[in-house]
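Database features, via TrEMBL:
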- 58-79: transmembrane segment (TRANSMEM)
- 179-208: transmembrane segment (TRANSMEM)
- 228-246: transmembrane segment (TRANSMEM)
- 253-269: transmembrane segment (TRANSMEM)
- 299-316: transmembrane segment (TRANSMEM)
- 322-340: transmembrane segment (TRANSMEM)
- 352-373: transmembrane segment (TRANSMEM)
- 431-451: transmembrane segment (TRANSMEM)
- 472-490: transmembrane segment (TRANSMEM)
- 496-518: transmembrane segment (TRANSMEM)
- 530-549: transmembrane segment (TRANSMEM)
Amino acid sequence: MKYQIVIIQNRNSLIFELLNKKFLIFHGPEVDLSFVTCVSLCSCLCSSAGFLQRLVRVFFGCLAAVACGMLYAVYLSTYHDRKFWFSTRQELEREITFQGGSGFYYYYYTHMLTAPSFERGLYELMVDNRTVSGQTINAVERLSLYPELITSFIYRVTNSQDLVEPIYFYIGAVFGLQAVYVTALFVCSWVMSGTWVAGMLAVAWYVINRPDTTKVDHAIPLRDNWALPYFSCQVAALTGFLSNNISSATEMFCYLTMSAATFTFLLIWEHSHYVLFIQGLCLFLLDSFDLMPPRKVTLTISVLFNTSLFLAYLFQFQNTDLLTSPSYLITAVNSVFCVQQKMKMGPLVARVMKLFLHFHLVFTTGITFSYLVKKLLPVSESDFILKFLEVKFGLNTTTDFVPNFLLCQESLQSPSQDVFLRLTQASVLPFYFLVLSVCLLSTVQTIYLRLSGHPKKTNHVLEDGRIGEQPEVVYHVFHTLFFGGLALLFDGMKYLWTPYVCMFTAFGVCSPDLWLTVFKWLKLKSIHPVVLSLILSTAVPTIICFSLWREYCPHVIAELTDLQEFYDPDTVELLSWIKSQAPVAAVFAGSPQLLGTVKLCSGAAVTSLPLYSDVNLLKRTEDSYQVYAMRSAEDVYKLLTAQKTNYVIIEESICNELTVNKGCRIKDLLDISNGHVVYDKGEIYSFSKHGRFCHEIKLNYSPYTNYFTRVFWNRSYHVYKVNSVISFQY
């Protein structure tokens, strides 16, 4: 019996290409059935070999990803112990190492462990009158304490009391999440480039640029360190979900991972909805330019984001901030989703006009929706944020303490040149601009083709040379542009931008698609573009890895071997006095950073906390800071007693602060707010009929001694008791 053979094999496999050329290309000749059977058997064997090859590659890639994450966690643990001599410290000295006032989060973890039961501890946090003086708050909602709740619950149910100390379990959980963070970056770069060498390069750049990628070195309990690993997992899952060449099972796995990570991210960090707004904007642009299937837009924006926001709203005790956040854009996209289908049809000029109309409709609907919700629901921070942004962008000026105080915070100022110098020295920034330029130009080219009516191509192959047609690549182009723009305005945003700069750059230099896109533009003919792109995508990352290893490996090893000195005897003395001498029910006033440490080490109630997203706490901070202003003893006494203060802590570092940026000293901000400044020939001078309180009170004369009694002092701190009965002695 005779058969005519027409067989198409996988063009990406070299083995199949050879089989095609040698055996399977027939145009008309007829062959015996035995020969057909032989060729089919060879094809099956080659298919099995290809599957085995992919399986081995995936196995070793996953092994490398997990190994990178575990090594990074070990590195962080070792470096942390060397930096703070953590294993040799007493418990009080260990707690002080949580810098920046972040330690008060750890206090609630220890509170949950010392409570008679988990349920009792949770109830005490939900009805907490021992944190902010004179107020009963839901600490779980107001301070986003879900990480502490979950960690303490795991510590209890696993009976880890006999295995590890609570503080080591806590920091171990954070370092473990950092391992998940770098593993997700590894996977994201691997998925986009097709080689796990890109993942290793991304992790290497992340570790080398650690001062600009993470704050875990000095402030372990911060919400960022708990939340950003989940965001990294969500971005990695979203990258896989946007890919065209994935199976339905893989797509479902990515979607479920993305859903869980999005909900957890919203639950942990109070600023997470702003990050999701930027991400929703990226997906909105992808859909508007017809760069991703409408089905995936519906699943991500219409279903996933809104469901996660609603669940987080419920778990955050009906937190109205989630419903009035900039995520209104996501809802606006849903409200005009029916318009998008007709928008993607017609000639170029008509589609561009429809696109502008669509943008106008989306943002108008979104702003209107946000305005109506804010009118219906009680929102306290919207005006405060708006005023801050007006001052930040030079649209307005104000003498109010709170906006000016926030503008002077390092994380809300523009980044210094040192950030970009460090990234350039580590070779990230030059390659980043190269990769971004190629991907952005290819994206613009793809958008033009879509608007011109060219059909969308779902199956991309290397020979196409159009990296901008891959939805996951276009998403990361928008992602890095938006977060990069924010990082140029706010220094704190670099922790959201720099890790993805490392990942995106590693993907680019290791991707044959990117190199082939460049060669297609150059119309290279002297050597085959595919061969050259494969060579460069291997050679360039190899050279980069070798140079990084030679230059930075000795530095990393030195960090792990050197013992650094960290000791603050004055703070230890102050906290020891508070724990031993101050009454249990005492209330302390002072700077937010110091009060966070006081709350951690003593559990005493405080007047404020270092939580700069809460406008009420910021106003209480302003009242506590009046001890550094030119105010009378009576005025300061009234402000402190209004907050039920028993003791006020005056810090020498604030009272005698000397900085280059004179306008950002606490006493300068207070003088401007209180109207105690005089402008003369461009210079600012402070003037008031009262001396500066923190100086005058140390002179120990009336009327200051009538209202305050000094009970403790050392080189750095002076503690005064706020007299409950005023004694008028002259």
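Cβ coordinates are placed from backbone N, Cα and C, and glycine is handled just like the others.
Note: TrEMBL annotation is automatic and uncurated.
Within the same chain, the transmembrane segment (530-549) stays apart from the transmembrane segment (228-246): fewer than three Cβ pairs sit under 8 Å, each pair at least 6 residues apart. Count of Cβ pairs under 8 Å against the transmembrane segment (431-451): among 228-246, 299-316, 352-373, 496-518, the largest is for 496-518. Among 253-269, 299-316, 352-373, 472-490, 496-518, 496-518 has the largest number of CB pairs under 8 A with the transmembrane segment (179-208).
Within the chain, the transmembrane segment (472-490) has long-range Cβ neighbours (under 8 A, six or more residues past its boundaries) at 191-192, 235, 238-240, 242-243, 278-279, 281-283, 285-286, 291, 392, 411-415, 436, 439-440, 443, 446, 496-498, 500-501, 504, 507. Tertiary neighbourhood of the transmembrane segment (253-269): same-chain residues 144, 146-147, 223-224, 226-227, 230-231, 233-234, 237-238, 240-241, 246, 275-276, 299-300, 304-305, 307-309, 311-312, 315-316, 322, selected by CB-CB distance under 8 Å and a gap of 6+ residues from either end.
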